[in-house]
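What follows is a short report on a single structure.
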Amino acid sequence: MEFDTIAAISTALGEGAIAIVRVSGDDAVEKVNRIFKGKDLTEVPSHTIHYGHIVDLDTNQVIEEVMVSIMRAPRTFTRENIVEINCHGGLVSVNKVLQLILAQGVRLAEPGEFTKRAFLNGRIDLSQAEAVMDLIRAKTDRAMNVAINQMEGRLSKLIGRLRQDILETLAHVEVNIDYPEYDDVEEMTHNILIEKATHVRAEIAKILETSKQGKILREGIATAIIGRPNVGKSSLLNSLVQEKKAIVTDIAGTTRDVIEEYVNVRGVPLKLIDTAGIRETEDVVERIGVERSKEMMSQADLVLVVVNYSETLTNEDEELFRAVQGKDFIVIVNKTDLPQAIDMERVIELAAGNRVITTSLIEEQGIDELEKAIADLFFEGTIDSADVTYVSNARHIGLLTQAGKTIGDAIEAIENGVPIDMVQIDLTRTWEILGEITGDTVHESLIDQLFSQFCLGK
């Protein structure tokens with residue numbers, strides 16, 4: 001497959017030590033060589049790096065002092081010739097280098113176009129390409145490991161084996177239908193077909209079992225911190241983040257808006273949402289914050305309900321407990337450094353089997369126990385991202401769910417005595433749906449849409 005030559009800045013814009021301009025295409029080396037003063041880049045070996053200068057051909061002025069990496073096809077990310085120009089960081093110089101390259105007839109790359117070419121040229125499949133963006137966006141080491149495993153093709157291999165099983169079954173059915181007189185081919189009975197289809201459905205279900213945890217590692221747990229004013233919600237946020245993000249005072253109603261922050265809790269990314277204290281108030285601004293707090297609470301995956309150890313439970317406290325019933329929540333009884341006034345038996349009763357943890361955030365007590373409780377709640381205490389193939393992408397989860405339903409329809413049809421040749425339709429559709437995960441059967445418009453979400457230069 002032939003493409004034109006493209007270029008883009010591959011590093012984040014702004015001041016920094018190094019900025020990289022990436023160029024990919026059949027004549028990438030020749031185009032860069034025109035503006036490079038140093039060794040003749042067309043003569044140097046692949047996978048080598050060379051010192052020199054970028055020159056403006058119109059003025060013969062030296063623009064940048066650079067190191068240029070030469071990587072020749074097919075042993076490159078895009079399977080095309082790639083040149084990477086390492087220049088000084090900053091906005092002006094790197095943009096000037098890019099403009100000089102574009103002036104040589106090179107096109108500015110679209111977002112994700114380098115990765116798209118890697119996919120279209122067969123270096124990676126679609127699930128591996130999507131994992132590139134997951135790696136860039138990973139917020140914890142665990143999330144990074146999941147993305148790397150997918151980039152290395154773990155999910156692709158699982159899907160490939162399932163598609164191969166279905167294909168072999170379809171081929172067997174075809175032979176039985178078209179050549180019934182062949183005695184050397186085993187007859188595809190309804191029982192054999194059910195066995196093979198049931199195996200595929202079980203494998204799909206097994207992959208989907210990891211989807212909840214995989215999605216958490218990829219996107220994080222949306223965690224709302226709720227409670228009455230001045231019970232320690234902002235202190236809890238600061239303790240988990242380990243820096244002061246929220247204002248902490250003795251004045252009730254200090255937090256009037258929603259504060260969001262990502263934090264790594266034992267390998268699990270938490271999207272912490274510190275909400276305004278929930279209470280009846282005449283303050284218009286605070287009342288808006290309270291309404292937003294209730295909205296965030298309803299949308300959260302996990303709710304941390306904070307109550308005050310040194311005060312008796314109020315009607316507002318009990319209303320919060322009723323509001324979180326049916327959700328995953330943990331109760332934090334804070335301020336244990338003060339004399340006890342709260343009825344702990346009533347707290348445990350209201351928690352309805354959910355964890356209750358006592359803390360003194362001012363003395364930094366109880367945070368480790370809270371972090372363990374969160375990991376236990378979502379991962380049963382262990383996250384084995386090294387050995388488990390997590391499916392975390394919403395598109396993949398949707399397609400696997402759809403494939404599971406379609407193969408289920410095939411099994412139901414077989415059990416109801418539908419002719420085997422009619423069952424082929426559901427088997428073929430399952431094979432096609434699974435192929436959409438790896439990009440083998442995906443529509444071109446979807447490919448364009450997926451890669452448009454990538455950052456420029458990737």
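Placement of Cβ uses the backbone N, Cα and C atoms for every residue, glycine included.
Among the features that Swiss-Prot reports, (6S)-5-formyl-5,6,7,8-tetrahydrofolate binding site is placed at ARG22, GLU84, ARG123, LYS458. Reduced to three states, the DSSP call for LYS458 ((6S)-5-formyl-5,6,7,8-tetrahydrofolate binding site) is coil.
The annotation K(+) binding site is assigned in Swiss-Prot to ASN230, THR249, ILE251, THR254 on the grounds of sequence analysis.
Packing around SER234 (Mg(2+) binding site) is summarised by its Cβ count: 24 other Cβ atoms lie within 10 angstroms of its Cβ, all protein chains included. Here Swiss-Prot flags 230-235, 249-255, 274-277 as GTP binding site, drawing on sequence analysis.
Secondary structure at SER234 (Mg(2+) binding site), as computed by DSSP, is helix. What Swiss-Prot lists as Mg(2+) binding site is SER234, THR255.
If you look up Swiss-Prot, you'll see 220-379 marked as domain 'TrmE-type G'.
Taking ARG22, GLU84, ARG123, LYS458 as the binding-site residues under consideration, the smallest Cα distance to ASN230 (K(+) binding site) is found for LYS458. Look at the Cβ of each of the binding-site residues ARG22, LYS233 and count the other Cβ atoms within 10 Å; the largest number goes with LYS233. Within 10 Å of the C-beta atom of LYS458 ((6S)-5-formyl-5,6,7,8-tetrahydrofolate binding site) sit 19 other C-beta atoms, taking all shown protein chains into account. Comparing C-alpha positions, LYS233 (GTP binding site) sits nearest to LYS458 among the binding-site residues ARG22, GLU84, ARG123, LYS458. Here the domain 'TrmE-type G' (220-379) returns a mean pLDDT of 79 for the predicted model.
The record assigns ARG22, GLU84, ARG123, LYS458 to the (6S)-5-formyl-5,6,7,8-tetrahydrofolate binding site, and the maximum Cα to Cα distance across that set is 19 Å. If you measure from the Cα atom of ARG123 ((6S)-5-formyl-5,6,7,8-tetrahydrofolate binding site) to that of SER234 (Mg(2+) binding site), you get 48 Å. Cα of SER234 (Mg(2+) binding site) to Cα of LYS458 ((6S)-5-formyl-5,6,7,8-tetrahydrofolate binding site): a span of 38 Å.
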